[in-house]
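> Dropping a structure here in structure tokens format, bear with me for questions.
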Amino acid sequence: MYQTVPNFRKRLSNLTLIYIFFIILLFFFSFAIHNILILPSWLFLFYLAGKIFRVRKEFKNNISVWNDYLMIQEFIINNGLYKETSDIFLSAIFKISESEKDIIISAYKMGSFLDSKVENIDTELSGLLSLDITKKDILADRVEYVFEKNKREIQQYVFATSDGKENLTKNFFQNIPKDIIKLSNTQQFSLKQNTNIGLYGRTGTGKTVTLQWMLYSALAKGSGIKGSDSYIKICDGKGADLFALGGILKNILGENISVGQTPNSLAKLSREMVEIMDERYELISKSQALNADGYDLNMIPSFLFVDELASIKDSCGSSKEGKALWNEILQNLGLIARKGRQACCHWVCSTQDPNSENIPVELRTQISAVLYGGSPSSERLRMAFSMCDLENVPRGKGERGEALFYADGLSMSEPELTKIPFVNLQTKQEFGEVVLNIIPSINESRTEYE
């Protein structure tokens, strides 16, 4: 294992100098010989030049392989991934594959005590390559660690109404498809594959910022605009931030916005959303398109925002009527969660803590896109990201708008960090101005069913 390292670079340099000297010698020699031999001499000269190029390329590849070998050899020694006795020598086996985008290190399992070790060397390999791990696959015969080269840094979109910052207008959303929610310069997710969205985080972790961005994104698609055949329905169990924002939207946009804060209002809003969903299913069934969903038919999505569902449950009480009301709410939310995708009807659930008391398990398991602000405990991570491996969860720096993010359809096995766009507002009037700046005209947002 402890081999002397050959100086391949010096050997390559010496070999190159010899080749160059030989070519120059042959070049001058070709002028000193008979004219008949000049052409074959030049042809041989070009052949030799091509041969040298191929040899140099192969030599460089071998140097790269040797350097990888030495790097892995040192890694094995430093991390104790071997066992040496007088009779046997046992070592972990690695393979490095590199493409334009990724570096994949495969650690092979050999049925020894090293198998468990090679499953947990994420941090060490990340330090070895100076790259963040993007994916880890534990297979029967090997563990694959994937590292993305030249990964783009996540940049947060920041908007303001002042002259110093760019204002949020409809121009920002102009080229974003109707089913896409944009989060950062590198991250987005599709509503086609994520009917239900969970927004989690304790007070001060940016949950309100995330809620606002989801509202802006919905409005920019034409949702809730009178004449668009789409609706935004809002229920805030505590009658707090979301309820206030909903009131402003209703004053600006009118009848396609509904706002409530009581169990009866949520029962009514969820019932209306189920009716909208059923009407859209009927329109889809009449369409000539095969296996189409609402987005294929240019429908504008409708959204039901529910903040602090646990407060609604508490308000229902323990009476017979209260229990019946709560069961109706759960039934309606369950229908939307399971059947809303094809009809472009989406449920956005926000809460401080995604435990079973705040979100019933049967509903939480239907949520496939999650944004979690702050630094949740391992227990809460398991609740929110039950679809993930949770073996390599990134930790944020506590920056504004920072959140853990996961969504179906993105080939993710772990949540990743994102930065929610931030619109710096101070007054309700400024919020209203942003709303008016981002909503499309009725003609732009009108749905035409085929």
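Note: Cβ is positioned from N, Cα and C throughout, glycine not excepted.
From TrEMBL, here are the annotated features:
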BINDING   G201, R202, T203, G204, T205, G206, K207, T208  ATP binding site
DOMAIN    184-382  domain 'FtsK'
TRANSMEM  12-30  transmembrane segment
> Across all the protein chains here, work out how many other Cβ atoms are within 10 Å of the Cβ of G206 (ATP binding site).
22
> Sorted by position, what residues of the same chain at least six away from T203 (ATP binding site) have a C-beta under 8 A from it?
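Listed in sequence order, they are Q352.
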> Please work out which residue of G201, G204 has the most C-beta neighbours within 10 angstroms of its C-beta, and give that one of the binding-site residues.
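Compared across G201, G204, the most Cβ atoms within 10 Å surround G201.
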> Pick the one among the binding-site residues R202, K207 whose Cβ has the fewest other Cβ atoms within 10 Å in this structure.
R202
> Does DSSP give R202 (ATP binding site) helix, strand or coil?
coil
> Near T205 (ATP binding site), which residues of its chain come within a Cβ-Cβ distance under 8 Å, counting only those 6 or more away in sequence?
G373, G374, A403
> Using DSSP reduced to three states, classify T208 (ATP binding site) as helix, strand or coil.
helix
